[in-house]
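A short worksheet on the structure shown next.
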Amino acid sequence: MADTGTEKLVIIAAGGTGGHMFPARAFADEMRARGWNTALISDSRGLRYAADFPADWKEEIEAASPNFRKPWTVPGAALKINAGIARARRLMKQHRPALVAGFGGYPAFPALAAARRLGVPIIIHEQNAVLGRVNRQFAKHAQLVASGFERLDRLPRGSAHMVIGNPVRAPIIAAGQVPFPPTDGTLNIFITGGSQGSRIIGEIVPLAIANHVAPPLRVRLKVVQQVREEQFESVSNLYRSAGIECELAAFFGDMPERLAAAHLVIARSGAGTVSELATVGRPSILIPLAIAMDDHQAANAEALTAIGAADMILETNATPKLLGELISARLSDGADLTARAAAAKSAARPDAAQKLAEMAERIAEL
């Protein structure tokens, strides 16, 4: 049912967090550079990340994630999902896409279901090292399942699978050209909790640095940290009382520059974060989100820990003392830091968006 016009359309279906939206955006940028029209289907949460998403049109549809532990909520969720599928079908009949690209998250379900029913080719991109629930349901029906990491758990047998990496934004790729900073002066620590912030990182990391890094090293530190607004005052007071230069914000709009300036990054291990660390080439300490579905953040972290580019501390083990000792060990050895940066860079896949776009075009032409 592809459009017979000169410009083909790809509809992008993505969930309601930055982890799904950012790679979808990088893919959309690449497809538009190749002359394609792009459209975005998501729910209200997803569209909050899409103010400047490169799309000819964007559509908010009904979506839900049924909670079978609360069976009384399932009928309402089913009604929302069916309404979303019906709306997605109408849109596809109207706009006649050549392809639907799913980037995971439950808001992607209605568009993928509609595409399957209408016979529109489907490609799926899985950012994490564990295939998500929505992508899992459509993997065997997709012409391609592209993955962000070599490891991809829970992939159904018979699925067409290819490792391409996670598409990252052009400014991140540009930051990857910045050399690792010298380690004989100020040491920059960049601390981020991902697109939704992290209360635990905001509590534990400042205590680790202020109380468990020795003064001779502590005076050389500059800390740049993403914190929630309600934590701003307490974190600021803690750093300043310990004599540590700090810069705090709820969100950093210049993330590529912050990563490039860092000697050490402390972060969650969402797929986007891990891929950006590799692209820029910076050593890290990763604290996976314990409640992540299928423990996928711990699986993601292994892409860097296995090659000596990162350390991983599970939330259950993340005490200020342990973290402070690890920070001290890493920052005290400049040669080791530099080697870890090079190891991270070796895992980079800066051409992921191009590879995914190439496969999308091939599949659309079949």
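Note that Cβ sites are derived from N, Cα and C of the backbone, with glycine treated the same way.
Annotated in Swiss-Prot:
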| type | residues | note |
| --- | --- | --- |
| BINDING | Thr17, Gly18, Gly19, Asn128, Arg169, Ser195, Gln297 | UDP-N-acetyl-alpha-D-glucosamine binding site |
Legend entry - Under 8 Å by Cβ from Gln297 (UDP-N-acetyl-alpha-D-glucosamine binding site), same chain, sequence gap 6 or more: Asn128, Arg268, Ser269, Gly270, Leu286, Pro288, Leu289
Inset, instruction - Count, for each of the binding-site residues Thr17, Asn128, the other C-beta atoms lying within 10 angstroms of its own C-beta, and report the residue with the smallest count. - result: Thr17
Inset, instruction - List nothing but the one residue from Gly18, Gly19 whose Cβ has the fewest other Cβ atoms within 10 Å; the candidates are the binding-site residues. - result: Gly18
Legend entry - For Arg169 (UDP-N-acetyl-alpha-D-glucosamine binding site): intrachain residues, at least 6 apart, with Cβ closer than 8 Å: Phe22, Arg25, Ala26, Pro256
